[in-house]
Amino acid sequence: MTHAFTHINADGNAHMVDVTDKSVTEREARAEAYIEMASETLEMIMSGSHHKGDVFATARIAGIQAAKKTSDLIPLCHPLMLTKVEVELEAQPEHNRVWIRSLCKLSGKTGVEMEALTAASTAALTIYDMCKAVQKDMVISQVRLTEKRGGKSGHFKV
(Lines of atoms letter the chains of each structure in order from A and count residues from 1; the text may use other names and numbers.)
(Lines give C-alpha, C1' and ligand atoms only; values in the text may rest on other atoms or scores of the structure.)
Protein backbone atom coordinates (compact mmCIF):
# COMPACT_ATOMS: atom_id res chain seq x y z
CA MET A 1 0.00 0.00 0.00
CA THR A 2 1.65 3.21 -1.16
CA HIS A 3 -1.16 5.73 -0.64
CA ALA A 4 -0.66 8.58 1.82
CA PHE A 5 -3.27 9.65 4.34
CA THR A 6 -5.24 12.48 2.73
CA HIS A 7 -6.18 14.09 6.05
CA ILE A 8 -2.56 14.68 7.15
CA ASN A 9 -0.75 17.72 5.75
CA ALA A 10 2.97 18.15 5.02
CA ASP A 11 3.59 19.20 8.65
CA GLY A 12 1.92 16.04 9.95
CA ASN A 13 -1.18 17.85 11.18
CA ALA A 14 -4.75 16.76 10.62
CA HIS A 15 -6.70 18.94 8.20
CA MET A 16 -9.88 18.85 6.15
CA VAL A 17 -9.10 17.94 2.54
CA ASP A 18 -9.57 20.79 0.05
CA VAL A 19 -12.10 19.63 -2.55
CA THR A 20 -12.45 23.02 -4.28
CA ASP A 21 -10.97 21.85 -7.59
CA LYS A 22 -12.61 18.43 -7.66
CA SER A 23 -15.34 17.70 -10.19
CA VAL A 24 -18.94 17.22 -9.17
CA THR A 25 -19.87 13.59 -9.85
CA GLU A 26 -22.60 11.20 -8.80
CA ARG A 27 -21.44 9.35 -5.70
CA GLU A 28 -22.92 6.45 -3.80
CA ALA A 29 -21.84 4.33 -0.85
CA ARG A 30 -23.30 1.29 0.87
CA ALA A 31 -22.41 -0.02 4.32
CA GLU A 32 -23.57 -2.74 6.67
CA ALA A 33 -23.52 -3.72 10.32
CA TYR A 34 -24.85 -6.58 12.40
CA ILE A 35 -26.15 -6.70 15.94
CA GLU A 36 -26.29 -10.10 17.59
CA MET A 37 -28.67 -10.82 20.45
CA ALA A 38 -30.52 -13.56 22.28
CA SER A 39 -33.35 -15.19 20.38
CA GLU A 40 -35.82 -13.87 22.97
CA THR A 41 -34.70 -10.29 22.36
CA LEU A 42 -34.94 -10.69 18.61
CA GLU A 43 -38.40 -12.23 18.93
CA MET A 44 -39.51 -9.25 21.01
CA ILE A 45 -38.36 -6.91 18.23
CA MET A 46 -39.93 -9.00 15.47
CA SER A 47 -43.27 -9.37 17.23
CA GLY A 48 -43.50 -5.66 18.03
CA SER A 49 -43.92 -6.37 21.73
CA HIS A 50 -41.00 -4.21 22.88
CA HIS A 51 -42.19 -1.73 25.51
CA LYS A 52 -40.34 1.17 23.83
CA GLY A 53 -42.19 0.74 20.54
CA ASP A 54 -41.13 -0.12 16.99
CA VAL A 55 -37.40 -0.81 17.27
CA PHE A 56 -36.80 -1.08 13.52
CA ALA A 57 -38.64 2.16 12.69
CA THR A 58 -36.70 4.03 15.38
CA ALA A 59 -33.35 2.57 14.25
CA ARG A 60 -34.12 3.41 10.61
CA ILE A 61 -34.87 7.07 11.44
CA ALA A 62 -31.80 7.27 13.68
CA GLY A 63 -29.60 5.96 10.87
CA ILE A 64 -31.00 8.48 8.41
CA GLN A 65 -30.54 11.34 10.89
CA ALA A 66 -26.99 10.20 11.67
CA ALA A 67 -26.01 10.18 7.99
CA LYS A 68 -27.15 13.80 7.75
CA LYS A 69 -25.12 14.73 10.87
CA THR A 70 -21.89 12.90 9.99
CA SER A 71 -19.83 16.07 9.63
CA ASP A 72 -20.91 17.10 13.15
CA LEU A 73 -19.64 13.79 14.55
CA ILE A 74 -16.46 13.15 12.54
CA PRO A 75 -14.28 16.26 12.61
CA LEU A 76 -12.69 16.17 9.15
CA CYS A 77 -15.79 15.19 7.16
CA HIS A 78 -17.28 17.79 4.84
CA PRO A 79 -20.91 18.85 5.38
CA LEU A 80 -22.76 17.25 2.48
CA MET A 81 -26.07 17.78 0.71
CA LEU A 82 -27.20 14.16 0.62
CA THR A 83 -29.81 13.40 -2.02
CA LYS A 84 -30.75 9.95 -0.71
CA VAL A 85 -30.33 8.00 2.51
CA GLU A 86 -31.80 4.55 2.93
CA VAL A 87 -31.53 2.24 5.94
CA GLU A 88 -32.80 -1.33 5.75
CA LEU A 89 -33.05 -3.71 8.71
CA GLU A 90 -33.52 -7.44 8.35
CA ALA A 91 -34.07 -9.84 11.23
CA GLN A 92 -32.05 -13.02 10.77
CA PRO A 93 -33.48 -15.38 13.41
CA GLU A 94 -31.36 -18.28 12.16
CA HIS A 95 -28.30 -16.27 13.32
CA ASN A 96 -29.93 -14.40 16.25
CA ARG A 97 -29.06 -11.05 14.72
CA VAL A 98 -30.24 -8.06 12.75
CA TRP A 99 -28.56 -7.18 9.46
CA ILE A 100 -28.43 -3.43 8.83
CA ARG A 101 -27.71 -2.00 5.39
CA SER A 102 -27.40 1.65 4.43
CA LEU A 103 -27.18 3.58 1.18
CA CYS A 104 -26.16 7.23 0.77
CA LYS A 105 -26.09 9.20 -2.49
CA LEU A 106 -25.31 12.68 -3.76
CA SER A 107 -23.93 14.68 -6.65
CA GLY A 108 -20.87 16.34 -5.20
CA LYS A 109 -17.12 16.72 -4.85
CA THR A 110 -16.50 14.18 -2.11
CA GLY A 111 -17.70 10.69 -1.30
CA VAL A 112 -20.39 9.49 1.08
CA GLU A 113 -18.63 6.50 2.63
CA MET A 114 -18.54 7.97 6.12
CA GLU A 115 -22.21 8.88 5.92
CA ALA A 116 -23.16 5.31 4.96
CA LEU A 117 -20.98 3.87 7.75
CA THR A 118 -22.43 6.34 10.26
CA ALA A 119 -25.98 5.43 9.23
CA ALA A 120 -25.41 1.68 9.64
CA SER A 121 -23.53 1.94 12.93
CA THR A 122 -26.00 4.41 14.45
CA ALA A 123 -28.93 2.19 13.52
CA ALA A 124 -27.15 -0.67 15.33
CA LEU A 125 -26.45 1.55 18.35
CA THR A 126 -30.11 2.57 18.44
CA ILE A 127 -31.21 -1.07 18.53
CA TYR A 128 -28.76 -1.60 21.39
CA ASP A 129 -30.10 1.45 23.23
CA MET A 130 -33.71 0.37 22.87
CA CYS A 131 -33.03 -3.22 23.95
CA LYS A 132 -30.37 -2.78 26.65
CA ALA A 133 -32.94 -3.04 29.46
CA VAL A 134 -33.75 -6.54 28.19
CA GLN A 135 -30.21 -7.62 27.23
CA LYS A 136 -26.91 -5.90 27.89
CA ASP A 137 -24.55 -8.33 26.12
CA MET A 138 -25.66 -7.69 22.53
CA VAL A 139 -22.74 -7.47 20.09
CA ILE A 140 -22.41 -4.98 17.25
CA SER A 141 -20.06 -6.33 14.60
CA GLN A 142 -18.84 -6.20 11.02
CA VAL A 143 -19.46 -2.50 10.45
CA ARG A 144 -17.99 -2.03 7.00
CA LEU A 145 -18.22 -0.31 3.66
CA THR A 146 -19.64 -2.77 1.13
CA GLU A 147 -19.68 -0.64 -2.02
CA LYS A 148 -18.61 2.78 -3.29
CA ARG A 149 -19.21 4.38 -6.68
CA GLY A 150 -18.08 7.66 -8.19
CA GLY A 151 -15.14 9.94 -7.74
CA LYS A 152 -11.53 9.57 -8.78
CA SER A 153 -10.94 6.23 -7.05
CA GLY A 154 -13.78 4.60 -8.99
CA HIS A 155 -15.85 1.58 -8.04
CA PHE A 156 -15.20 -0.55 -4.95
CA LYS A 157 -17.24 -3.58 -3.89
CA VAL A 158 -16.53 -6.25 -1.29
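Each residue, glycine too, has its Cβ placed from N, Cα and C.
Feature annotations, reproduced from Swiss-Prot:
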{"type": "BINDING", "residues": "LEU76, CYS77, HIS78, MET114, GLU115", "note": "substrate binding site"}
{"type": "ACT_SITE", "residues": "ASP129", "note": "active site"}
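Everything Swiss-Prot records as a feature, shown here on the structure.
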residue	record	Cβ contacts under 8 Å, 6 or more apart
CYS77	substrate binding site	THR70, SER71, MET114, GLU115
HIS78	substrate binding site	MET16, VAL17, VAL19, SER71, LYS109, THR110
ASP129	active site	none
Given a 10 Å Cβ-Cβ cut-off, pick out the one of the binding-site residues LEU76, MET114 that has the most other Cβ atoms nearby.
MET114
Determine the C-alpha span of the substrate site listed in the record, that is the greatest distance between any two of LEU76, CYS77, HIS78, MET114, GLU115, in Å to the nearest whole number.
12
